[in-house]
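Sequence annotations record features per position, and here Swiss-Prot assigns coiled coil to 483-515 based on sequence analysis. Per Swiss-Prot, the feature disulfide bond maps to Cys317-Cys379. For 65-223, the entry in Swiss-Prot reads region 'Spike head'. Marked as region 'Spike body and stalk (antigen domain)' by Swiss-Prot on the basis of sequence analysis: 247-478. What Swiss-Prot lists as region 'Hydrophobic' is 388-408, and the listing cites sequence analysis. Here Swiss-Prot flags 509-775 as region 'Spike foot', drawing on sequence analysis.
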Amino acid sequence: MASLIYRQLLTNSYTVELSDEIKTIGSEKSQNVTINPGPFAQTTYAPVTWRHGEVNDSTTVEPVLDGPYQPTSFKPPNDYWILLNPINKGVVFKGTNRTDVWVAILLIEQRVPSQDRQYTLFGEVKQITVENSSDKWKFFEMFRNNANIDFQLQRPLTSDTKLAGFLTHGGRVWTFNGETPHATTDYSTTSNLPDVEVVIHTEFYIIPRSQESKCNEYINTGLPPMQNTRNVVPVALSSRSITYQRAQVNEDIIISKTSLWKEMQYNRDITIRFKFGNSIVKLGGLGYKWSEVSFKAANYQYNYLRDGEQVTAHTTCSVNGVNNFSYNGGSLPTDFSVSRYELIKENSYVYIDYWDDSQAFKNMVYVRSLAANLNSVKCSGGNYNFKIPVGAWPVMSGGAVSLHFAGVTLSTQFTNFVSLNSLRFRFSLTVEEPSFSILRTRVSGLYGLPAANPNNGNEYYEIAGRFSLILLVPSNDDYQTPIMNSVTVRQDLERQLGDLREEFNSLSQEIAMTQLIDLALLPLDMFSMFSGIKSTIDVAKSMATNVMKKFKKSGLATSISELTGSLPSAASSVSRSSSIRSNISSISVWTDVSEQIADASNSVRSISTQTSAISKRLRLREITTQTEGMNFDDISAAVLKTPLDKSTHISPDTLPDIITESSEKFIPKRAYRVLKNDEVMEADVDGKFFAYRVDTFEEVPFDVDKFVNLATASPVISAIIDFKTLKNLNDNYGITRSQALDLIRSDPRVLRDFINQNNPIIKNRIEQLILQCRL
């Protein structure tokens, strides 16, 4: 039977070339190592004496916390928070545009009973009633929108950090209110924002609005420890306008030189453009189910001007630490569901590998010092329509994150033609508004960026910044140091697999049913599976080895290992013998599972839940107790074989992933049955269950305990023709008891006879199974 291919893979009995094993170990070590990026990134040293170098700061990157500044009066820039850090009580801030905004912030000490105090506000002496019953400091925001009315207490802020904030943005003036550590922002509207001027009576800081989350953090939890020492001296605000000697956009500085080598410092302003890649996979069936919505690495090539020079750059964007979610609208075939959709949020990272054609990247092999500064960028998600056949389409929309520079190290990008020594910039994430939701479902109000439409129609996102590094390079500028081997998050294998998946799914729809049955009956092994693939005769053994090594990490192989882990003799026979059937019968690997399910049934009373849990294990039980009938894995292997023979994208690198993926994703909607005399018990992975008689197809009560006992002691059969199809066939055409038994046992000869007779019910069932064989 064709499923022999999967059983052979599960034996893990294969030979390996020593050179292949060494290559694999080296690759796995590179891929699994955790890089802690710091101010230095080093590779192999070269024969020179290293000397110190300088790293020029860049004016293209705004500091998060700028200050402290001395008390002053000025016209505040839009989109910048003014963080007030008063020491003494009294008036700490005044601001007005002389038309519709007059705002003053007063600081009241702790434990003050209600009393009247005099304050001078905008040249007027005002008597204001204040009180503070708290052990924290209290800011009174006094506001009026007309020069002829009195000030009113608008938004008090009770604070143990003694920090307040003020911002002009979007036709509004913003302040903080509430009580720390849960203070929030609020605003007053103005029609004349550009004319707002402020008088500040205390030390203050300036924070860009793009870092509002940091400002919120300072207000609620206090300034960083370094800002609370007496070594930090406030300076005049005019110091912001001092003209600095700005470093050049491109700088090549010789630090030292010998006869053959020289140390070079390269300083570069860079523009990084990147985009997210994604993969949306739809399950087979009626068109209401999606398998995954996931992030994929994406590369982007572009040109930009840098100091009058045309630069060609290449970036690769990948993500790490994704969060997996799922949505299931119900168990019916017409209920919308997404088995897995990915989301990036605060615990995730984004990696961007950057390369350009400048001299800095020509000899990036021996690197001593590496530093960088980059601005932040906000990435907002767009809409994605799940196009179901009938009814209003569910729409995944919204979601946003901001990327903040968190480190830089060395990497290598693999393009279609060449490997590029690159810089990898790591970004931490903060979630932003809006939240995302799936319209017409109960999913709403979640934060993060989903993989459905992460680019939101934009060709790319853009970040400006600067890097500086010191390299050891040949004294002869025309010589290029050979590139050293390296492994990155993104490899071209993903692109090849994407092309292969599309081709595979297209070819699988062209399979003739009689061809499928014939292939399903063949005893396909490793080498007959590869026989139709061109140019693989010389590498058949290596390819088989690669497939087996990949397959042993698959979900199916892991499940078998878990079942046999506590049974040494059974595990030994599974991993070493040529056939999984041998010696399994003496110690049933199903025993532990049935006991676990029996225990679960005591706490979970839903028969549907129990049968669903049992059915997901029945595939493993079927593998260990083969029958003469055709099973789902026979169909999977047959569908796998046909497109492989016709594929133009198959290669030794992609084949292991395709075979492993097929074992996990093909025919997700499976049903299994056990047969006892004239009674059949059948259950599927969605929790549907039937018990019926062979002669009449009359349903009888379903007993879970009996089903478990039968599945433990009797062979498990794939319900290729499930109960509903059998009943439909009997009601419309009438079938004999012998035919019914053959179909229940999934006899391939009887299936072929019905297909040759063009029986529409049987053909439709087989077509639905083929449609579920998608990557």
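Backbone N, Cα and C atoms are what each Cβ position is placed from, and that goes for glycine too.
Source: prediction; values computed, not measured.
The average pLDDT computed over the coiled coil (483-515) stands at 56. As a summary of secondary structure, the region 'Hydrophobic' (388-408) carries 0 helix, 14 strand, 7 coil according to DSSP. Listed in sequence order, Phe276, Ala400, Val401, Ser402, Leu403, Leu449, Pro454, Asn456, Tyr461 are the same-chain residues six or more apart from Cys379 (disulfide bond) with CB atoms under 8 A from its CB. Residues within less than 8 Å, Cβ to Cβ, of Cys317 (disulfide bond) and separated from it by at least 6 positions along the same chain comprise Phe274, Lys275, Phe276, Gly277, Ala297, Ala298, Asn299, Tyr300, Val350, Tyr351, Ile352, Asp353. Within its own chain, the region 'Hydrophobic' (388-408) has Cβ neighbours under 8 Å at 37-38, 41, 210, 213, 286-288, 293, 334, 336, 341, 343-345, 348-350, 370-382, 423-441, 446-450, 452-453, 463, 465, 467, counting only residues six or more beyond its boundaries. When secondary structure is read from DSSP and collapsed to three states, Cys317 (disulfide bond) falls in the strand class.
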